[in-house]
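Visitor: Sharing a structure below in structure tokens format, with a few things to ask.
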Amino acid sequence: MHPTGPHLGPDVLFRESNMKVTLTFNEQRRAAYRQQGLWGDASLADYWQQTARAMPDKIAVVDNHGASYTYSALDHAASCLANWMLAKGIESGDRIAFQLPGWCEFTVIYLACLKIGAVSVPLLPSWREAELVWVLNKCQAKMFFAPTLFKQTRPVDLILPLQNQLPQLQQIVGVDKLAPATSSLSLSQIIADNTSLTTAITTHGDELAAVLFTSGTEGLPKGVMLTHNNILASERAYCARLNLTWQDVFMMPAPLGHATGFLHGVTAPFLIGARSVLLDIFTPDACLALLEQQRCTCMLGATPFVYDLLNVLEKQPADLSALRFFLCGGTTIPKKVARECQQRGIKLLSVYGSTESSPHAVVNLDDPLSRFMHTDGYAAAGVEIKVVDDARKTLPPGCEGEEASRGPNVFMGYFDEPELTARALDEEGWYYSGDLCRMDEAGYIKITGRKKDIIVRGGENISSREVEDILLQHPKIHDACVVAMSDERLGERSCAYVVLKAPHHSLSLEEVVAFFSRKRVAKYKYPEHIVVIEKLPRTTSGKIQKFLLRKDIMRRLTQDVCEEIE
């Protein structure tokens, strides 16, 4: 019997009762996964405890601010925080949100959640009030952790005035790494004032471990639900494919609120007893310094990270002899970048996945260079991949269609979004990614484009619809459409085509940026180019012909007639 994913379709049971989430599994597939050892009873907390006991004095995590925890010290800090959470009434299944950059404290909070069966909800540091209020209410978070200071702002203070809009939120904690907490509880004081957890909390592998919010075509972020078994299956397959062991040192420059950072930068290392190296603000100089200092053996990130590192290495050589490989995902690897890495002796590997199915296609370390440059890998252990047409019928090798996957890593659905879940997951457990790809005879896939309407800017997903909805609130704008435009470093940037209301005849990019700033949305969602036109091209049924606008922006870029934000 070939393993398949959990049964998730229109008849999936997803309900909230007293803030608890109930998941229903297809018992036949669940049994198959358990029989093959892909799923089990153990939770992430069980794996953590096993590692912490086996190597208490080994360094578990460090960050660029000089913080460093052994497995024993990290376990103690997390246990003290978990004890406080229990005292404040947190129960198994409650959602705990934390909006932290790449700091050791992220891991402390995550592990504290695991110890008491709470559900981790990591959030992007770039989010502002609009996204935060939406997500915290959506997942009904009971606690929220944020820095007292980061990037010259006080993130924890953003949420304090909004508590009247967050009825479920009971505690706000300031992570006082860079500045003292003045208006909230402080994480350091909580850990200092509490003793280690003495009560053993049992969590089953089928219970919810995390909700990761991801942007998509529907506008506002969707909560991707992952069980302990989903995450364990994903990361064990990931580590096995890349021969990762306790001797490896993981460099993670990506945000920990992303699946990339959360799963591969924090979770995977502790499953195998490796070291995690975190960077809160990516600059190529800071990244290279950590790579050298920590003797990092592997690094994972989007193409812009590689692009920037190569530019610095041209002028400033660095000792990267310990680096076994750089794993690149999120967007296509330009041939120029791949060739430069090869010339410098950096093994650049491709990986493909999504928050919903992460990561399920990876190359082999001993694959020929052509595989690295021209494919995005093949299915990880226990995962199936197929390419389908618009009717979701399987296509033969070589044909372009939508990529679909199923396996023990595939998510359990979107949090409190049964209709979106039913569209993404069919009754046989297949997740339809919305990405276009081709598969060769050997099972290797190559992502060729997207069906879904998103812009991938340096690995960050931007919903065109969300940006359009904000643009349409501008007093000068009558109609708007947002499309992706190519960018050598980031892969894509967003370009807004707007039709103005009479009697307005002009609209500057500065005006649009100021408007988005007042709307308190994340900066990476701001339009970076703007084109004012008389009307948007539409079909006879009224649908905007975005392909014409994409062609137009390509033409405009070559002629350099588009206003660009610096």
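Glycine is treated like the rest: Cβ placed from N, Cα and C.
So Swiss-Prot lists these for the protein:
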type	residues	note
BINDING	ILE231, LEU232, ALA233, SER234, GLU235, ARG236, ALA237, TYR238, CYS239, ALA240, ARG241, LEU242	ATP binding site
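Can you tell me where each of these features sits in this structure?
Guide: Every protein chain shown contributes to the tally, and the Cβ of ALA233 (ATP binding site) ends up with 26 other Cβ atoms within 10 Å.
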Visitor: What are the sequence-distant neighbours of GLU235 (ATP binding site), meaning same chain, six or more residues apart, C-beta distance under 8 angstroms?
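Guide: For GLU235 (ATP binding site), the qualifying residues are LEU263, HIS264, THR267, ALA268, LEU271.
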Visitor: Can you check which residues sit near ILE231 (ATP binding site), meaning Cβ under 8 Å from its Cβ, same chain, 6 or more apart in sequence, and list them in order?
Guide: LEU44, ALA209, ALA210, LEU263, THR267, ASN409
Visitor: List, in sequence order, the same-chain residues at least six positions removed whose CB sits under 8 Å from that of ARG241 (ATP binding site)?
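Guide: Same-chain residues close to ARG241 (ATP binding site) (Cβ under 8 Å, separated by 6 or more) are VAL362, ASN364, ALA380, ALA381.
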Visitor: Per residue, counting other C-beta atoms within 10 angstroms of the C-beta, which of the binding-site residues ALA237, CYS239 reaches the highest number?
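Guide: Output for this query is ALA237.
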Visitor: In the three-state scheme derived from DSSP, which category covers GLU235 (ATP binding site)?
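Guide: GLU235 (ATP binding site) sits in a helix per DSSP.
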Visitor: Would you mind pulling the DSSP three-state label for ARG241 (ATP binding site)?
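Guide: In the DSSP reduction, ARG241 (ATP binding site) maps to helix.
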